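Here's what Swiss-Prot has on this protein:
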type	residues	note
ACT_SITE	ASP147	active site, proton acceptor
BINDING	ILE30, GLY31, HIS32, GLY33, SER34, PHE35, GLY36, ALA37, VAL38, LYS53	ATP binding site
COILED	450-513	coiled coil
COILED	545-650	coiled coil
COILED	752-873	coiled coil
COMPBIAS	334-348	compositional bias 'Polar residues'
COMPBIAS	349-366	compositional bias 'Low complexity'
COMPBIAS	403-414	compositional bias 'Basic and acidic residues'
COMPBIAS	565-587	compositional bias 'Basic and acidic residues'
DOMAIN	24-277	domain 'Protein kinase'
REGION	316-366	region 'Disordered'
REGION	403-423	region 'Disordered'
REGION	565-593	region 'Disordered'
Amino acid sequence: MRRGLVKDPDNADLFCKEDPERIFVDLHEIGHGSFGAVYFATNSTTNEIVAVKKMSYSGKQMNEKWQDIIKEVKFLQQLKHPNTIEYKGCYLKDHTAWLVMEYCLGSASDLLEVHKKPLQEVEIAAITHGALQGLAYLHSHNMIHRDIKAGNILLTEPGQVKLADFGSASKSSPANSFVGTPYWMAPEVILAMDEGQYDGKIDIWSLGITCIELAERKPPLFNMNAMSALYHIAQNESPTLQSNEWTDSFKGFVDYCLQKLPQERPASLELLRHDFVWRERPARVLIDLIQRTKDAVRELDNLQYRKMKKILFQESRNGPLNESQEDDEDSEHGTSLTRKMDSLGSNHSIPSTSVSTGSQSSSVNSIQEVMEDGSPDLIMSFSCSFDSTSSLVHKKDHAFIRDEADHRDPRPELRPTQSVQSQALHYRTRERFATIKSASLVTRQIHEHEQENELREQMSGYKRMRRQHQKQLIALENKLKAEMDEHRLKLQKEVETHANNASIELEKLSKRQFVGMDKEAKVAAADERRFQQQIIAQQKKDLTSFLESQKKQYKICKEKIKEELNEDHSTPKKEKQERISKHKENLQHTQAEEEAQLLSQQRLYYEKNCRLFKRKIMIKRHEVEQQHIREELNKKRTQKEMEHAMLIRQDESTRELEYRQLQMLQKLRMDLIRLQHQTELENQLEYNKRRERELHRKHVMELRQQPKNLKVMEMQIKKQFQDTCKVQTKQYKALKNHQLEVSPKCEHKTILKSLKDEQTRKLAILAEQYEQSINEMMASQALRLDEAQEAECQALRQQLQQEMELLNAYQSKIKMQTEAQHERELQKLEQRVSLRRAHLEQKIEEELVALQKERSERIKHLFERQEREIETFDMESLRMGFGNLVTLEYPKEDYR
């Protein structure tokens, strides 16, 4: 990736486009870690002093490294608080990110390294107070630092406490990733993948461990393998302060921070009100501590400068030393250096000989490389480039160059060149480069970083594996959730489809019934008209027959009367005519009455039969309505039964899917735990082999070094023998002179012979004692070395055995906890499935009861309506005078 070019346009605004190598000059390494290196630098544009953190994102895990850089930059951009490091920008150059921040003097762990003793309680309280304020700010914005330790708590010149290194931070709370530094990790972080999530309370635990670190120089379990420390933290009780010199307030604060259960652990705001950080303390406590540390660092660096300058001058005068000379001078120099450091340590509490020796060895190596080049200019440049203001310049050979104006050599052949003098003047005038970290400490960090690369890779690989396992679990959970959502959506669509189909079927049934009713009504109307027409036609026929019968009867009666009158000759014709007319009128009247009566009977018959026909039609319509409602209710019942069968089938399929998904999730979790445990075991075995190799290498070096040590001790015994011989020789001379003076001259020869024999005998005894001392020393040293090495081997075996047992116990606990978690998940699922099935069955029962109730009510309402309709019809018939209509027998069948 070229400078300033970001492939992702969403992240382009995170980085500055300028070339960082042109902007930031005078880079000096001031720290080293797994991410890379931190440099002191000057902004050439603003002349501002900054710290530059270089992070490479090339090589293995390139994408993961790039994402970590993106996350840290985004996190830093959001921070605006006096107790968090100030972010100034980020640049890209040759697959390296330059993260620019404000410059701080050093970290709280540097104080411990420089003074080689714990901090005072008031100093710990001041540092803790500042760190707590930064944590309270983070936690109030749902952020988690996740890597609180003394090395990530920085100090500025005015004594301001700053939280730094947000590479492990999280912008979401709760979180569940396995990140942080092992010895400071909270138990819930170690168990994050196995048991669930954590929140900002993990920073409180790390702060408690940091307090112990500041009070005891190292965090708890620091003498243990980092992996073993993880297992120990996860299953053992919380650590406490070991010494009784601390106040109850401090002890209570630490115990409060290190509550095993997160819910019992206090929040950062609550801790800010604790007496330990709230009580009164001197305002300049941190400023004074920083000043003392700077003075101690300056003294140590000056001592290192004088030591290296002496070596350079000796080599420039005497040339290369042979091996024996180097050994002797190394021994003498080590003795004198130890005396110097002991004296200096009692006054200034600065690092012990071990630290300076490490720096010495690295510096000597680099100087020897310079000497082998044969360039006097390079030698002069090195000897005159030590910075009096504790500035650090990191070369590729790990030499930290200092400029010391007070150590100019008057000899012209050893003075630096003009260019070197100007460079020294440049560093001498740059007084702003103040630090509380010595050059030897930075050198040691670099060497430790190189030497512990295998262990660091193992730990980073373990963290990466845990994070990868977490990602796999989350991916599977998301996949299963999507599958379940899809399944539920499918079931929901099936239910909706069934409901729509049922509604359509009922609507079709309703339409069909409506059409049938309409058709029946039309048929009934047609039948009624046909029935009426039949009655009318019959009545017309009857009326015609009746009229014809009347006509015949009229004629018969008329003829009969005429015959009777014709037989009666006595009656006058006129009277006969009157009688015939009167009889004709009476007959016509009678026939008219009979016709009217017939018409009345026909009309009554017509109306009554029409009424009866309407009643029959109404009863038939009622039967059709009953049939329709029976059909509709049966249809609804069938649909509801089909719906219930579908719901039960869906519940069964959901149950099978849930059990299958839980089985898949638990199987993956167990597979990952087995893989994790296998990796942990392999790491432990690899660590055991490495420790055994290191111990074997150490013993081999001791065996190789033993002849040299024995030679030194033999020389000491030889010197003692020589001194004794000299004393005896002096005593012999004194005794000889005395006896010669007090004895006659004739006895001198005898006395001299006697004294000579005595001297020879005593020297022979001394020689025998010398040989015996040498042999005893040889035997005792060999035996002592064998016993010491055997004791070391035994101690290492015991330690490794304890760590292996601790690992086995931890893995057994994790396995048991996981199995218990799986059992709880299975029980929870069974309860959920059982409860859901019970709710479904209850719902089905309630719906069936509601359906039966609806059926009964609708049939009841139908019968009541039909009865009212018939009753109304019959009442109307009664009012119309049809009281003798045939009563319709209603069906007694109850469809309920």
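Using N, Cα and C of the backbone, Cβ positions are placed for all residues, glycine too.
For the recorded positions listed here (ILE30, HIS32, ASP147), the lowest count of other CB atoms within 10 A around the CB belongs to HIS32. Non-local neighbours of the region 'Disordered' (565-593) in the same chain are 550, 553-554, 557-558; each lies 6+ residues outside the stretch with a CB under 8 Å from one of its CB atoms. In this structure, the residue listed as 'active site, proton acceptor' belongs to neither helix nor strand by DSSP; it is coil. Taking DSSP states H, G and I as helix and E and B as strand, the compositional bias 'Basic and acidic residues' (565-587) has 18 helix, 0 strand, 5 coil.
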